[in-house]
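These features come from TrEMBL:
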type: DOMAIN; residues: 64-216; note: domain 'Glycosyltransferase RgtA/B/C/D-like'
type: TRANSMEM; residues: 12-31; note: transmembrane segment
type: TRANSMEM; residues: 72-98; note: transmembrane segment
type: TRANSMEM; residues: 110-128; note: transmembrane segment
type: TRANSMEM; residues: 161-186; note: transmembrane segment
type: TRANSMEM; residues: 198-216; note: transmembrane segment
type: TRANSMEM; residues: 262-281; note: transmembrane segment
type: TRANSMEM; residues: 288-305; note: transmembrane segment
type: TRANSMEM; residues: 311-332; note: transmembrane segment
type: TRANSMEM; residues: 339-359; note: transmembrane segment
Amino acid sequence: MSPDKNQRASSLLPLIPLLLVCAAIAASFIASSGPIQWRDNGLLLVDASQGQYFSQSLGPVEHPLYRFVTTLFFQLFGPQTLSLLNSMLLLPLAWIIYQLATSAGATSRQAMLAAVVSVLSHAVFWVSTKADVYVLHTLPVLLAYWVQFSAGPRLGDSRKLLVIGLLTGLGAAAHQLTFVVLLPLYIQLLYRHKLRTLMTLPGFIAGIAVALPAIVHDLQAPMSMLEIGRRYFTGSSAIVGDVNREGSLLRFNIMWYEKKSVGLLLLSLLGPQLVGLLVFPRGKRLRLLWSAALLNLVFAASYNVTDRFVFFLPGVALFSILGVIQLHALLARCRMRTALLNLSALTSPIVILFVYFLYSSGLIRLPTHIEALPFRDDIHYFMAPYLPDRSAERFVRVYEASVPEGALLIADPEPMGAMRSAQSFGLLRGRKLAICSEAAQIHSYLDARGAYLTRLSYCAMVAEQYRLESWTPGYALHMK
């Protein structure tokens, strides 16, 4: 190759990580699940459509900052654009990861590759294609570590503590996981600043201000601040009935029994992230990031919920930074180091899509739910987020065509999210929706426009009382 061509090729090499970041974010837009989504993702879209900017109570599944942002976004741009919000948030996420990585000692190229690895990781990419709180939540959490590393002497310790407190408050208003991931940072702050760490409190109050209407409402319930905090973290409350997840925390004893959902979480370690986990770093800053990421991994893996992998986003970003730095050092004597580092950023989508190809070709079998949702392939939906999934929209449009207006649609929470988000989008007009456990007055619908059951799962009590006629999708109910 001529010297001119060699020079041209070498000048293009630094652009490869930037091009990969742009391609990864563009892929997220393409793979977006749209304005009709399953379960909690669909219900979050519904909440945004209600025009209620502030949460009325601080329950375990309330995310006041996310509600405020998505409600404002819905009012300004509508449901279609709102469904792309997390893809848009990948832009500031990539920038923050880049800044945090460089402040921790990475070169510009390594920092850009860390952003690519993070965006293309299973958990981050999956959440980016859905309506969910976790990308938004990750932003202030990572920013807090960046402020700790990069704040110059002009800012001063007091102002830095105020800013870290502000970011902590914003993170807490988005999700309770903030207190887990930022714990190592606050231990370091206490060690360095002692009682001056209390300077974070005014900033924290300012950051969590969007949740204050909910806190005031709960105080009038009446609930004490201790009860409000416990309910927000776990759902446990003697006053308000809620989803109690206190018994789901730190369940190491049933991780093997729930190995399918733990396996989904471990998919996010495909690539340099695994190196970041296994190789203990030397630098103090890198050790702090490693401690935070490990704590996040332990918490998420032992949290007994099916979608525990979505709780791992901050840890994935931190392990990505650590992994790229460590992998660069491990490959120091390798002539192909640059090419291998670039390829390592693509490990997750390459491996996952290859396994999915084997599954879809019938060459291997993978575990799925006993009764899958209509039109949804669980392996595609949960494991391969890089491929577009519009199963919820297809499900709703079939109901739109096959069920008359005025009919009653009965469903468990998973399909209910799709149907309610469809109504906020303008579909399924005139249909009455009811959760299986709350379905009532079914008889009155049987004599009129009909009652329909989406699937038998979680709805056995309803199914036992009526004669079932196969329908597309689900069943039509008739008197026995």
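Any Cβ shown, glycine's included, is placed from N, Cα and C.
Comparison of 72-98, 110-128, 198-216, 339-359 by number of C-beta pairs under 8 angstroms to the transmembrane segment (262-281) places 110-128 first. Here the transmembrane segment (311-332) sits apart from the transmembrane segment (198-216); fewer than 3 CB pairs are under 8 Å, leaving out pairs fewer than 6 apart in sequence. Against the transmembrane segment (110-128), stretch 12-31 shows more Cβ pairs under 8 Å than any other of 12-31, 198-216, 288-305, 339-359. For the domain 'Glycosyltransferase RgtA/B/C/D-like' (64-216), the model's average pLDDT works out to 96.
Counting same-chain residues at least six beyond the ends of the transmembrane segment (288-305), those with a Cβ under 8 angstroms from any Cβ of the stretch are 100, 104, 145, 177, 180-185, 188, 245, 247-252, 254-255, 258, 261-262, 265, 276-277, 280-281, 311-312, 314-316, 318-319, 321-322.
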